[in-house]
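Novice: Dumping the structure here so I can ask a few things about it.
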Amino acid sequence: MNKVLLIIQREYLSRVRKKAFLVTVFLVPVLLLAMYAVMYLIYKNSSELNAIRTVKVLDETGQFAGKMQNKSTIKFEDVNKPLTAARKDLKTHKDDILLYIPKDYESLKSIQLLSEKKPNITVSMAIERQLNDIATNNNMIARGIDTSKIKDVKSNISISAKEVTDSGDKESNVGALYGVGVAGAIIIYLSLFIYGAQVMRGVIEEKTNRIIEVIVSSVKPFQLMLGKIIGVALVSLTQFLAWIILSVVVSYIANKYFNAPQSPMLGVFASLKGVPFGYIVSCFLFYFLTGFLLYSALFAAVGSAVDSESETQQFMFPITMPLLFTYLISVTFLAQNPDSTLAFWLSIIPFTAPVAMMVRLPFDPDPWQVGLSMGLMVIGFIFTVWVAARIYRVGILMYGKKASYSELVKWFFYKE
Amino acid sequence: MLSIRNIVKQYAGHRALDDVSLEVPAGQIFGLLGPNGAGKTSLIRIINQITAPDSGEILFNGEKLNQSHIERIGYMPEERGLYKKMAIGEQIVYLARLKGLSNAEATRRIKNWFEKLQIQDWWNKKVEELSKGMQQKAQFVATVLHEPDLIILDEPFSGFDPGNAEVIKNEIIELNQKGATIVFSTHRMESVEELCSSIALIHKSHKILDGRIKDIRNSYRNATYVIEYSGNALSLNGNQPFTTIDETFSDETHTLRLKLNEGATSNDVLQYLIPQVSVNRLQEIIPSVHEIFIKQTK
């Protein structure tokens, strides 16, 4: 046991000390900080754009003057000047906009919006909408239609989705659930492969370095494999933990210095309020760890069977197929049908459960399903570690022999 | 030291070791010989408990081989190497700790060894910065650092330049004098004759001979002699006590190889020759380990 600890220690330290590790640990918070900065800039910019602008209405028809309604960023003022004089005023009031409505306003593009500074699209669209409404209204009155009745028959419906639970109805934000589930699934999928590949590369390195035989004369191959897998798992957990802590710190700093009350992030956070994060993060860690043990053991077996990384392709494909399939349909099918039969089975089978169950979790699957899935995950990783160890112990000592599937089966059945 | 009894190791398709038994006496330098693919590495791996035999047993100092013996064996495999990116000192400490040494003890011993081999300034060097020969030296240190009772070296001299090979050879002799039993397998027969007191020859999964080198060589004597003489060529009258194998002439010297007739002695040969020619040299041809190896594994 002591020896396994030594191996874990070496595997862990040799990776954590690498520059690449430190770079990735700090890169993510830096990117996050950059994202905050960009959002802050966008917000700042938009608040400049949203400054109230005065629109002088020069109405030669008399149909619109006085009817334009002020909006949060637009203030209307009627003017009674000739067009040339009004145009001159724009020189002195650079922020003002002149809306010129000529007598023949109904002919194409005859209404003009004049300004020194280009008005943004929302302003011009808002004005256009109001003009249309007023013109329509005027037209209806001219044709004897009672406009107050039209207001009465207009309906204004919006849906509020609520989930019926024992403790009462609760507001459910389907968009946020979808996002959390898919994000968890994607992170698990990517980390399983990134860290699984590290295990595989470590095994190949030991084999090509020819240090393997020196080491297995001191420890059992199984101890070495286990030490390596646990070591890399700890590296990945360190990375996640560092990311979480640094992200919180970065968010705190960003909040303090880029004081942006209407930052779009706040909206995202608010919509996540209904999601049980503690539960989902613990499930995430469980599925990541068991999934990692399951897959990295298989990756270790593949690494032991080959002499170089380029030979791994033929074995990697079938191993990664189920997970890849689940990942590909997670965004489209699973997140939209979290309670379908396919979603159920994929979240029960250990090879696909880490991704499939992560997608389903925010949608509150039955506890017995989660329990069954977790139980099978544990059985699944014990099984693959056992199978992989039997291939690994033979594979690591085989050189220059191109391993085929039948070869691997033979190795599996070798006695000690 | 080591009693290997009736070891059988079967791999799918072929039998790597077939009923191999041999004794490695304590305190010896023991040569394990055999052509490539004979089963040497299989046997060495079984002794190191990397694999297990299908049947048969190995006794280590009279005890059945078990996990506790791992720390008393030092093994330098033929396929050997180190972690390329790891500093050399740290790496040997790691390997020594896997053999049960404490961190402090391993560090102390490595410092001593590095001093002895005059490689003190290597401690923080990465393996990839060292030449192959330098790596081998470090590897040798890692193999013997835990002061094992039994040291197994598979092709220890491959990859060394003659100078370093000499250094390592002297270290092997010194370790042996301090009491370690050494088993080494090699193709270099001259180093076998130089170092080993006993050998075993494995061929096609079977042990075909073993014992003290002197005894083995003597048992392969077959009454052949080489004679050098000067003067006219010998004319044989049919009564000579030997049969000629071949004869060459160069630099005024005739060299004759012959095989004694049944019951004849070297003195009989001299008595026959002296009247005719002047004999400069007569020597019995005792086959070298190399010749025995070639003959046995043909």
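Just so you know, glycine gets a Cβ as well, placed from its N, Cα and C.
Below are the features listed in TrEMBL for this protein:
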type: DOMAIN; residues: A:19-389; note: domain 'ABC-2 type transporter transmembrane'
type: TRANSMEM; residues: A:20-43; note: transmembrane segment
type: TRANSMEM; residues: A:176-197; note: transmembrane segment
type: TRANSMEM; residues: A:229-254; note: transmembrane segment
type: TRANSMEM; residues: A:275-295; note: transmembrane segment
type: TRANSMEM; residues: A:315-335; note: transmembrane segment
type: TRANSMEM; residues: A:342-363; note: transmembrane segment
type: TRANSMEM; residues: A:369-392; note: transmembrane segment
Novice: Taking A:20-43, A:229-254, A:342-363 as candidates, which has the most Cβ pairs under 8 Å with the transmembrane segment (A:275-295)?
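Specialist: The stretch with the most contacts is A:342-363.
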Novice: Mind checking which residues reach the transmembrane segment (A:176-197)? Cβ under 8 Å, same chain, six or more beyond either end.
Specialist: 232-233, 235-236, 240, 271-272, 274-275, 280, 284, 287-288, 291-292, 295-296, 298-299, 320, 323, 327, 330-331, 334-336, 338, 354-356, 358-363
Novice: List, by number or range, the same-chain residues at least 6 past the transmembrane segment (A:315-335) whose CB is under 8 A from its CB atoms?
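Specialist: Hits for the transmembrane segment (A:315-335): 178, 181-182, 185-186, 189, 192-193, 295, 298-299, 302, 305-306, 342-343, 346, 349, 351-352, 354-356, 359-360.
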